[in-house]
Amino acid sequence: MSRGGVSTPILHVDMDAFYASVALRERPDLVDQPVVVGGSGRGVVLAANYVARRHGLRSALPMTRARRMCPQVVVLEPDYALFTAVSASVMETFREVTPIVEAMSLDEAFLDVRGSTRRLGDPPDIAERLRSTIHDEQGITCSVGVAATVSVAKLASRRAKPDGVIVVPPAEVTSFLHPLDVGELYGVGEKTQALLHRFGLMTVGDVAHTPLRTLQRAVGAHLGRELHHLAWGTDRSDLAPSAGPHEPDKSMGANETFARDTDDRDFIVRELLRLSARVGGRMRSAGVAGRTITLTVRFADFTTITRSRTLSEATDVTVEIHRAVTRLYDALGLQRARLRLVGVRVEGLVPRSSVQRQLVLGEPEHGWAEADRAVDRATRRFGAAAVRPASLV
DNA sequence: TCTGGGGTCCTAGGACCC
DNA sequence: TCTGGGGTCCTAGGACCC
């Protein structure tokens, strides 16, 4: 350890099979059985415990396939309110270690512990201490990667799973990274992995030793540069603390996969209203409005298209969102095409207070914003189920 | 009766403006 | 009258992440 600062100040903490672990706290009788958290019907596996993983079950696997692969699997419904509450407690534990916490999702975060070593010891000690605190307080396990940069810490935590710690000192970064498959790198998914493999780049070491220009020709200027850094472990080590009022969302949306494919326009337009109401309600409670409205349509064969329209001024009004997506839908001119999903998204969000509504005299629109506020008030008092547009009743 | 839902970012072409 | 060079906005698609 060098004097004047630790060499591996970044911790990546990742809960092990988070949703499944939390769900199993409520059902300790099931811990030795294969358990997944997931929806029913056309859903996918959201989390699989380690017993289920021995049967090949993984996140994102279609539930139908999961049941076929492991008929005895126990499926638990997700309880997002519970997951969110546990996550908040865990994040609180992180902030007792350091104020510099960058949350990536409900179940993982980066911590910069540079300022905590005098009080709490070296980063590996801090990692172990965190793990035992979380285990004692929450009854779930986590894994921690400790390194000098964000991406190396993240890869280390993955390697540490389940229930472990891996420290990668600077001198060992390349020997740790270079044997890994390119698909392990952050930002390399299925498509880019296949592309890189086709170029003969199988490992992170292969990527590291490819000239930058060649890499950029293969995957584009931006990703090429990014991969070069990741392959040498020279990515960022500065975190963007997500405590307190963090970055506002840039878009909000909702989509729904139907229980069965449909070409029924009336049904689809009603679904668009539900989704518009959900998005509009969330926008209003967040105090934002947006100008660009996007419709997503996924056909039965899974091909997916989007159509968007930018309005002259930002809105958070359910009826206006719904009208925009309905127009986009009708403009598609679909005849008999069966749809499996529709989605509504509003982009370019700005604080509602910054939007100057032009009040056109006698404009019939006028009343809709007030109607939304009434719906929002009623929803807060009686719940979402009690308040919905007449055409949805 | 394979393939969720909520997001972010990048690319690329065309329009439009200076 | 033989061809610029940005910069910004809009649209569509695609890849990726958790």
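Every residue, even glycine, has its Cβ placed from backbone N, Cα and C.
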From the ranges A:234-257, A:306-329, grab the one TrEMBL calls region 'Disordered'.
A:234-257
What does the DSSP secondary structure composition of the region 'Disordered' (A:234-257) look like, as residue counts for helix, strand and coil?
0 helix, 7 strand, 17 coil
Does DSSP give A:Asp107 (Mg(2+) binding site) helix, strand or coil?
coil
Reduced DSSP assignment, A:Asp14 (Mg(2+) binding site):
strand
